[in-house]
């Protein structure tokens, strides 16, 4: 049987290397999404708005939440828990950066369902105007819902050498642990994405059979397929975290041994890393599934060598011309012809 110290060592190494991999791949994915989906021909789709806002929150979520998890779980360094101001602010920001992109993904798959519907009335709801309003309401909703975190989150002294950032109000702690986190963070988005992914896939099969599809319609089909796969990845990667939440609720009153706590710590780390996979993998999913996304990336790659070559020629060219002009002036001076002064 693996010892407690070995389990703790595995958990620590997983926290360091797993979160580091998430941090690097996630930053690349978010920045690439923002660059690609801000292109003019892709901005015509309402879905690009959802992807852009989701990628923006994913960037903040990865750079903030994953970095703090890396410091706390990997290096046992927590600069927030002992500070009465940093503790609630960190909890609030982590809440916003986690819940906003999650609900944006739900809005994205709902938009793709509406866009692919055979009903004209439903298709009219898939528009840029509706996307802006839905995103604004979504962000405002979570910003307001998270305000109690600023009030009820405080540094709690667990032992002489340990201070944790936790809820000072028991009722709010129960509300967060038994409803907000499991229901709003896992169950509801998983159900929404599963139901609308199935409906959107059925609509997509009808769209594919439609002949004479225009360029914009082709892009919409690619968006639909990308969002469906992204929703599937989100649901699957969220399962370990959902199991962790259910297990935590079911065993909240159970007396646990040191070995069991170490086992739970390892699974807790695996569940967290798994949950962040959906935030870090979206660009890699899109570039594999969409020809238009690949064309934007390849065009950028092709342009860069030509830009470097042009810059190099501009630097070398004038010096060569100046040398030729100086040489011509020297020859004229030796032949008795007055040399012209080059300005």
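Cβ atoms here come from the backbone N, Cα and C positions, even for glycine.
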163-182, 183-202 - the one TrEMBL records as transmembrane segment: 183-202
Spatial neighbours of the transmembrane segment (183-202) far in sequence, C-beta under 8 Å, 6+ residues away: 98-99, 102-103, 105-106, 109-110, 112-113, 116, 224, 227-228, 231-232, 234-235, 238, 241-242, 245
Interface check, the transmembrane segment (267-289) with the transmembrane segment (130-152), three or more C-beta pairs under 8 A: no
Which of 20-38, 50-72, 92-110, 130-152 contacts the transmembrane segment (223-247) most, counting Cβ pairs under 8 Å: 92-110
Contacting positions for the transmembrane segment (92-110) when only residues 6+ beyond its ends and CB under 8 Å are counted: 47, 50-51, 53-54, 57-58, 60-61, 64-65, 68, 131, 134-135, 138-139, 141-143, 145-147, 149-150, 153, 184-185, 189, 192-193, 196-197, 200, 227-228, 230-231, 234, 278-279
